[in-house]
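Below: one structure, written as structure tokens.
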Amino acid sequence: MGASGSRAGAAVPVLVLLASVPVTWSFSGSIAASSSGVRDAVAAQPGTGTLVLLRHGESAWNLSGRFSGWVDIDLTPLGEAQARRAGRLLSACGLDRIQEAHTSFLRRASRTLSLCLTEAGMSESPPNLASSWCLNERHYGALTGLCKKQAKAALGDDAFRTYRRGFSTSPPPMEPDHPFWQGDKPCYAAVKEELPHGESMEECYQRVLPYLREKVFPSIRSGKTVMIAAHNNVLRCIIKDIDDIPVESIRDIEVPKAVPIVYHLDTATLQSVSPKSASGMSCTSLGLEMQTTCPETQRSIPDLREEKEFYSVPFTSVFTRQFLQTEAKRVGIDPCSFPAYGTGSREPVPSTVGKCSKHHLQQQQQVEDAGTKAGPQNIRTPANLLAADIGSAKSPLPMATCFPR
């Protein structure tokens, strides 16, 4: 497990993570092609613990192709249905007794956890719940709120790829006057001085790993089954640590949305006891195989979203020529490398790209509440226009309480 060294313990706990990212490296290569094979693969083993990782379901900004970062974006109706399906997958393979669950301060992760656990039948005896800002998504700095297509056209392919997928390069920093600054929210009051203004993947890794080792691994050592419901980059950091994924390869890992990923960890060393697949990962995914061989887990998920406009931050409201000059100096490139640098005050790409609109700032002002930006829940997006509940009518568990670590 990288440089983590030997970890003493007696029994191996189970940790479950739920994630919602597109797959570049397949998570299904080591899964048995039958429902009984999947159940056997994830069954508790002597001397091990189970860790389950789960990425959140589709959010409104996943759908519109925007950098979400720390903005508290909610799930779409499809994302809610994906979260419920994750619960059915857990129940179908016998992982319906989670003892401890961790999630972030962001509702797309905490609601995914709540809906999943409820669907898995754990509403009467829920696990111990904890939430922390340390499990928040990677902070995308000043890119937050921008449409990815718009940012790519304005910054150029190379800079965009480096900001988004580079391991050590942080994005342009977010200042407190940014439209989506989150540092004034009450849940961050106790840790305000520690909050990032933008993170590289490496900085995200350095934030996540201490929480994993101080808050999660002790429970694993004591034989508990633990779930982490979080975000793509957070789960990539955990996978990198457990499977010792090289830095140059971590960018290729995409965690599937709301598909439980299961690790068996030795309680003494906290290393995975399962063989690695060709991709270098030793986890078992409860994905395609379980859905096709165990049809009861795959209730219909209707996609009711409509072609409505999404609101976004105009690129030039944040990335002025002066800002681009400063950023070019920070990363050591010619400012003319940014296609948007020569456009002056003009919008670098059409406002329709990525279904973006210049009117977002006006809309955002309308949803601010008591100094806390309320996010998109009051903006007319497909997720908010569609009030119909998809899937189970069960009442979800209460979301994990927000408290700093």
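Cβ atoms here come from the backbone N, Cα and C positions, even for glycine.
Remember, TrEMBL labels are computer predictions, not curated facts.
Computed from a predicted structure; not experimentally measured.
Per TrEMBL, the features are as follows:
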- H56: active site, tele-phosphohistidine intermediate (ACT_SITE)
- E137: active site, proton donor/acceptor (ACT_SITE)
- 55-62, R108, 137-140, K148, 164-165: substrate binding site (BINDING)
- 1-26: signal peptide (SIGNAL)
- H231: site 'Transition state stabilizer' (SITE)
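Residue environment of S59 (substrate binding site) contains 29 other Cβ atoms, counted within 10 Å of its Cβ in all protein chains. The Cβ of the residue listed as 'active site, proton donor/acceptor' has 24 other Cβ atoms within 10 Å, all protein chains considered. Within 10 Å of the C-beta of H56 (active site, tele-phosphohistidine intermediate) there are 36 other C-beta atoms, taking all protein chains into account. With all protein chains in the displayed structure included, the most crowded Cβ environment within 10 Å among the binding-site residues R55, R164 is that of R55. On the backbone, the CA of Y140 (substrate binding site) and the CA of H231 (site 'Transition state stabilizer') stand 13 Å apart. Distance from the CA of R164 (substrate binding site) to the CA of E137 (active site, proton donor/acceptor) is 13 Å.
The number of other CB atoms found within 10 A of the CB of Y140 (substrate binding site), across every protein chain shown, is 26.
Residues near R108 (substrate binding site) in space but far in sequence (CB under 8 A, at least 6 apart, same chain), listed by position: H56, G57, S59, S68, D72, I73, D74, L75, G79, H231.
Using a 10 Å radius centred on the Cβ of H231 (site 'Transition state stabilizer') and all shown protein chains, the other Cβ atoms total 30.
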